[in-house]
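Read through the structure below, which is laid out as structure tokens, and then see the notes.
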Amino acid sequence: MQTRTTGLLLSLAGVTLISPDVLVMRWVNLDHASVLMWRGLFMTLGFSAVVLYRYRLAALRAVKRAGRLGVASGFCFALNTTCYTEAIQRTSATATVMIIATAPVFAALISWLVLDERIDRKTAISMFVTLIGIAIIATDGGGQNDMLGNLFAVCTAIFLAINFTLARLKSNIDLTPGLMFGGMIAATFGLMLGGAPQADTEWTQLAAIALTGAILMPIGFTLLQIAPRYTSATEVSLFLLFEAVLGPVWVWLVLNEAPTRTTLVGSVIIISALLYYGAPASWGTRLRLRLGTSSR
């Protein structure tokens, strides 16, 4: 199998595995604190299993190598998880995942502020158009949209972007072990907010949270982390747009939650901006060459 094909298949598999998460978060009817506690606990187990599987006897060494940066990454992951679970319970599934999908654009802005990386014209245009899309979604008063929920979704994207930036600071270090600590911190946040095991909790809901938190999400994110070894990171990031579309489709098919027209307009604007941002320059060059050839 060709190397690029392997990378694309890994990306597709990873995105497909994580896409049902938004459906599960919309389906469970536990309070936010309890969802956060259980989700953090199961993610701790899941990412611990992934680290043990990947590093075997060297797992402890991998945790130590991640160091303080890994702990910082885990803390951002916990904040990201906290904001995400709050957002998905307050606003529509489409609004949540579309706003979170803007994380790469926020990462470019944070890299400019922290790492002094230059923002080119393409990135600036993408940021501006993305903000327009978010504003349209945020002002939608119909359906299940909620302004505070949209704000939590923006915070989720920002904390996710900070994690991207942390990964760039030490690209030679695997920060995945830090996600174990992130799960622990998220579970602690849930307990602090009043989450606790409840006798009347349906086992089907816990099973669904366990399925996504302990199995699908850790494996999916690991596949997405491995995929850039075989294909470009840009192509992998474009596959995340597929998850932003597929997640709300699951919610629509199972829970009959259809996005409003305003949210759809904002979503199309965001996807267009992210496609423009993620498209390699070589694509435009190839297109111009083909157009030039066909016009002769």
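Indices start at 1 and increase along the chain as displayed.
Using the three backbone atoms N, Cα and C, a Cβ is placed for every residue, glycine included.
What TrEMBL annotates here:
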DOMAIN    6-138  domain 'EamA'
TRANSMEM  36-55  transmembrane segment
TRANSMEM  67-87  transmembrane segment
TRANSMEM  93-115  transmembrane segment
TRANSMEM  124-141  transmembrane segment
TRANSMEM  147-166  transmembrane segment
DOMAIN    148-275  domain 'EamA'
TRANSMEM  178-197  transmembrane segment
TRANSMEM  203-224  transmembrane segment
TRANSMEM  236-255  transmembrane segment
TRANSMEM  261-279  transmembrane segment
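Each of 36-55, 67-87, 261-279 was scored by its Cβ pairs under 8 Å to the transmembrane segment (147-166), and the highest score goes to 67-87. For the domain 'EamA' (6-138), the number of residues in each DSSP class (helix H, G, I; strand E, B; coil) is 117 helix, 0 strand, 16 coil.
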